[in-house]
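Pulled from TrEMBL:
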{"type": "TRANSMEM", "residues": "9-29", "note": "transmembrane segment"}
{"type": "TRANSMEM", "residues": "41-62", "note": "transmembrane segment"}
{"type": "TRANSMEM", "residues": "83-101", "note": "transmembrane segment"}
{"type": "TRANSMEM", "residues": "113-132", "note": "transmembrane segment"}
{"type": "TRANSMEM", "residues": "153-171", "note": "transmembrane segment"}
{"type": "TRANSMEM", "residues": "183-209", "note": "transmembrane segment"}
Amino acid sequence: MKEVEVRRLFAANLFCVFSVILTAVVPTFLWDGFTVLGTHLAWLCICSVCVGTVNVILHLVLKPNRSPKRSSPAHKISRFLKCCIYFFMSCIVFHAIIVLYGAPLLGSVTETFLFSVLLSTFTTLQCLCMLGPNIQAWIRVFSKNGAMSIWESSLQITAVCSVLGAWFGAFPIPLDWDRPWQVWPISCSFGATFGYVAGLIIAPLWIHWNRKQLTYKSR
């Protein structure tokens, strides 16, 4: 495993971490009254757009999954449209799962859907950037020993950490503390964000410490 590739991964992940931090800091200078708690739905939109844009740009610049085949413009357009459809379907699926886990069915549709968009940005968008609209590749990566590169290992860790963070973030909601951050879906979105950031930091460190044991084989 090349040390340079691990450093590229760490640098890319740091850019993603900074993009999350900036979504909470920069809007306060441009939007009077903006706070992550007070205008939480606006922050969900800003965070999803910024993190998604940074992920796409980093993928285009670094090209972690280079393919020897050159695709035609028509194939690229088709691939892009499929990715958009997959992302929208991911938002719908996450929305349905969240409702099944106890989110309000009709009372907070906008809040639940925007949280689903954020969670899809942290998970599905990364899969689309790395693997494209290829469900079989997704299944391979998230199976045991299915990663074929350090980028796919990082994808595993960040996606799992994001989902676990969202799940743990739901624990305080039913408690009778009457805190502002207990309003749906603030604690869950914070949990997903902290999980995503933690995954971005943990992934390159874990890969670096275990680089001698990690062996990736082409399949």
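Placed from the backbone N, Cα and C atoms, the Cβ positions cover glycine too.
Remember, TrEMBL labels are computer predictions, not curated facts.
Sequence-distant residue pairs (6 or more apart) of the transmembrane segment (41-62) and the transmembrane segment (153-171) include fewer than 3 whose Cβ atoms are under 8 Å, leaving the two stretches without contact. Beyond its flanks by at least six residues, the transmembrane segment (83-101) meets 112-113, 115-117, 119-120, 123-125, 128, 132-133, 170, 185 of its own chain at Cβ-Cβ distances under 8 Å.
Listed by sequence, the residues of this chain that lie at least six past the ends of the transmembrane segment (113-132) yet keep a Cβ under 8 A from its Cβ atoms are 41, 44-45, 47-48, 51-52, 55-56, 59, 64-65, 79, 82-83, 86-87, 90-92, 94-95, 98, 138, 141, 151-152, 155, 158-159, 162-163, 166, 185, 188-189, 192-193, 195-196.
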